[in-house]
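Look at TrEMBL and you will find Tyr132 tagged as active site, proton donor. Among the features that TrEMBL reports, active site, proton acceptor is placed at Phe401. According to TrEMBL, the acetyl-CoA binding site annotation covers Val94, Gly95, Val96, Arg102, Arg103, Gly104, Val105, Leu106, Ser107, Ser127, Glu128. According to TrEMBL, the domain 'N-acetyltransferase' annotation covers 14-158.
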Amino acid sequence: MRSPSRWATIAGVTEIRVLSDESQYRAHNTLFRRAMHWGPPTDEQWKVTLPSYEPGRVHAAFEGDEMIGTTQSYGGSMVVPGGAVVPHSAVSRVGVRADYTRRGVLSALMREQLSTLPDPVATLRASEGRIYGRFGYGLAGRVRFLRVDARRAVIPGGPTGRVRMVDLDTADKLLPELHTAFGLGRPGQISRWPGWWAKALDRKSDGDNIVTVVHSGPDGDDGYVSYKASSDTDFKHTLQVVDFAWANADAWRDLWIYLTRLDLVGTVEVDAALDDPLTWLFDDPRAVHTKDVFDQVWLRLVDVPRMLAARTYGVAEPVVLEVHDRLLPANTGCYRVSADGAERVEARPDITIPVDLLGAVYFGDTRFSDLAAVRRIEGARFGDADALFASPVAPLCSTFF
Ligand SMILES: CC(=O)SCCNC(=O)CCNC(=O)[C@H](O)C(C)(C)COP(=O)(O)OP(=O)(O)OC[C@H]1O[C@@H](n2cnc3c(N)ncnc32)[C@H](O)[C@@H]1OP(=O)(O)O
């Protein structure tokens with residue numbers, strides 16, 4: 001096992017250890033929950049949380065024998081523009097004990113975690129927008145929160161396939177399989193680890209009143225949606241979509257017909273990709289209200305050459321990017337990106353960009369020219385870089401962690 005690393009912080013000498021047994025995992029979870037102002041896990045909660053602790057991926061900061069900070073990651077894979085799938089770390093449960101904050105404990109945890117992550121890319125969901133850029137994470141994917149007025153949401157025509165409601169046991173067995181088969185259709189989508197399903201399935205049986213329906217078309221099961229209803233008493237419930245995946249447009253359309261024709265439902269709420277065509281499904285486009293657009297995927301290119309080579313590019317004249325990475329200096333260097341791919345080169349750069357902003361443009365959700373307009377990057381030929389990195393499909397990560 002790796003020996004602890006020591007980092008000088010204002011807190012003193014902070015030691016970062018990789019945890020390995022259940023009692024340490026539970027202390028880790030309690031510390032993180034306290035940092036989020038939640039109580040410690042109950043025995044029941046702990047039972048479903050434990051499977052999400054993967055050996056080798058759980059870090060804690062210590063001062064002496066006292067645990068003062070946490071982070072961990074879940075291993076899996078992620079889709080990149082063009083459809084390739086790469087190994088991915090989902091970073092989560094970041095917390096520092098309230099009496100140790102702003103003394104560099106998170107910085108020590110992040111540095112240690114980054115230098116030991118086994119995957120070429122990591123993403124996280126940020127509690128605050130100003131924290132993670134300094135560790136090389138860039139805001140790479142946003143999501144729209146939509147509210148659909150069910151009374152206005154008239155979809156011309158009828159369904160083409162069949163929707164069936166499934167009980168909890170069937171959903172437990174079926175959903176992981178269906179998600180793997182067709183839940184990974186967009187850049188940014190990630191595979192789900194067993195501990196993720198353990199928690200999600202527990203929520204279903206935990207009085208959350210989550211209902212799942214599965215769609216089948218000519219080739220079998222090709223879509224599902226899980227939803228829960230608010231406890232409104234005026235016979236106009238709000239449905240919240242909690243999980244939604246489909247293999248083709250017919251399945252997607254039929255599941256929306258199902259959701260919007262349910263009795264006693266006034267509103268359906270869903271998170272959708274920026275380019276989701278839902279507005280055009282209904283004969284009244286005002287049926288769909290965008291209530292919010294918020295940041296979702298913060299992306300850290302851990303292995304820049306591998307990640308630049310993994311995705312495909314649009315058609316434009318090649319550009320040379322000079323990338324700077326303070327925390328992982330092996331990434332620092334020049335990369336030539338063209339319609340044929342990307343490679344490390346010794347050449348005069350067109351654009352100089354820090355690694356967090358390279359993360360921000362990686363899915364094509366943010367453009368080089370926008371970063372240049374606000375003086376966040378320097379150089380020339382931003383239009384070519386925009387065209388190379390543009391993705392015909394907006395990113396989305398419908399797996400919350
Ligand atoms: C991926 C996730 O799990 S998201 C959940 C994150 N967790 C939480 O929000 C729980 C509550 N908060 C905490 O536990 C802690 O305050 C943390 C983890 C956010 C920060 O930990 P700290 O040990 O205080 O961070 P640290 O002292 O290393 O600060 C690093 C830098 O980030 C800045 N920073 C830290 N927290 C914040 C914040 N909330 N807002 C803005 N800047 C911040 C610091 O000012 C410092 O800046 P500097 O490098 O310019 O000096």
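The first residue you see is number 1, and the count goes up from there.
Any Cβ shown, glycine's included, is placed from N, Cα and C.
Features as recorded by TrEMBL, highlighted on the structure.
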| residue | record | contacts (Cβ under 8 Å, 6+ apart) |
| --- | --- | --- |
| Val94 | acetyl-CoA binding site | Phe32, Thr70, Thr71, Leu106, Leu109, Leu124, Ser127 |
| Val96 | acetyl-CoA binding site | Ala35, Ala61, Ile68, Gly69, Thr70, Val105, Leu106, Leu109 |
| Arg103 | acetyl-CoA binding site | Thr9, Ile10, Ala11 |
| Ser107 | acetyl-CoA binding site | Trp7, Thr9, Arg134, Phe135 |
| Glu128 | acetyl-CoA binding site | none |
| Tyr132 | active site, proton donor | Leu124, Ala126, Trp298, Arg300, Asp356 |
| Phe401 | active site, proton acceptor | Tyr74, Ala90, Ser92, Arg125, Trp196 |
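Secondary structure of the domain 'N-acetyltransferase' (14-158) per DSSP (helix as H, G, I; strand as E, B; remaining residues coil): 43 helix, 53 strand, 49 coil. Between the two most distant C-alpha atoms of the annotated acetyl-CoA binders (Val94, Gly95, Val96, Arg102, Arg103, Gly104, Val105, Leu106, Ser107, Ser127, Glu128) there are 18 Å. The Cβ of Val105 (acetyl-CoA binding site) has 25 neighbouring Cβ atoms from other residues within 10 Å, across all protein chains displayed.
For the domain 'N-acetyltransferase' (14-158), the model's pLDDT averages out at 97. The secondary structure of the residue listed as 'active site, proton acceptor', as reduced to three states from DSSP, is coil rather than helix or strand. Only Val105, Ser107, in sequence order, out of the recorded positions Val105, Ser107, Tyr132 have a CB under 6 Å from ligand 1.
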